[in-house]
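Below: one structure, written as structure tokens.
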């Protein structure tokens, strides 16, 4: 009997394919979990007096703005996550390949990334991503919160409300540049750079758990296991770094008259609302972050394989 055809070997060092797979996985997971981002972002920037319970917030948004209110700013978020993940994974995989090549040349027994190497790769990729994509997330945060402000100004749930006032991505960007100048696009970049520790923690933990799994099982990780490990990594990272996420969101929506540094913003929140103010909206955010990361890791390897195969097929034609 003829031997079964072996499964084609998928190369693991194609930076562009990894970047495209990361972008695609990010977009899919973002679309699936976006309402939770809306709820979390609005909770982060509202005052303590305006805080509402999770289900109450959902009902209020739907009553005022319809189902579409849960997806305010989705277009800029999809664009943002695709660029963010493309840049991040490109630089992460480039750095990973550099370390693996160095390990082979040094004759190291294993070329798998060490914990320190994973952290360095995450730091380099995260810093490049923040600087390039911060303007996109400023616009997205403005859109997510501005729709709520417009609804409150014109009267919640009033019949015949002016639907034309809903903000658009381009309109929000142009208004931001006109009213506050280009520098407004880089508000919150300092806490965003601090938040580079989030993916460092997430991917370092994921890589080490993945390596341990593959060593013990003697086989590659499956999408289902990747889902679980991605969720655990993101849960740990987001829980630790959440106060900086809150401060970053508040700095994104601050006007010219509300300029303050990261430490000043943290001090103000603690002074006005106590330490719990730094954790506003953490329930939907952690839920969204964990699900997004889990879906991303589940989708990414599958999309990577499909991307490599598609490029090979096109190249043969």
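Just so it is clear, glycine is given a Cβ too, placed from its N, Cα and C backbone atoms.
Here's what TrEMBL has on this protein:
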REPEAT    13-98  repeat 'Solcar'
TRANSMEM  16-37  transmembrane segment
TRANSMEM  69-91  transmembrane segment
REPEAT    113-212  repeat 'Solcar'
TRANSMEM  119-139  transmembrane segment
TRANSMEM  184-205  transmembrane segment
REPEAT    221-306  repeat 'Solcar'
TRANSMEM  225-245  transmembrane segment
Listed stretch, out of 16-37, 69-91, 119-139, 184-205, that has the most CB pairs under 8 angstroms to the transmembrane segment (225-245): 184-205
For the transmembrane segment (16-37), sequence-distant contacts whose Cβ falls under 8 Å of one of its Cβ atoms, 6 or more beyond its ends: 58, 70-71, 74, 77-78, 81-90, 92-93, 144, 284-285, 287-288, 291-301, 303-304, 307-308, 311
Helix, strand and coil totals (DSSP H, G, I; E, B; other) for the repeat 'Solcar' (13-98): 76 helix, 0 strand, 10 coil
Confidence summary (mean pLDDT) of the repeat 'Solcar' (13-98): 80
Residue numbers, six or more beyond the limits of the transmembrane segment (119-139), whose CB comes under 8 Å of its CB atoms: 73, 76, 79-80, 83-84, 87-92, 95-96, 99, 113, 169, 172-173, 176, 184-189, 192-193, 195-196, 198-200, 203-204, 252
Long-range Cβ neighbours of the transmembrane segment (184-205) (under 8 Å; 6 or more residues past either end): 88, 92, 115, 118-119, 121-123, 125-127, 130-131, 134-135, 137-139, 176-177, 230, 232-234, 236-238, 240-241, 244-245, 247-249, 251-252, 254, 256, 261-262, 265, 293
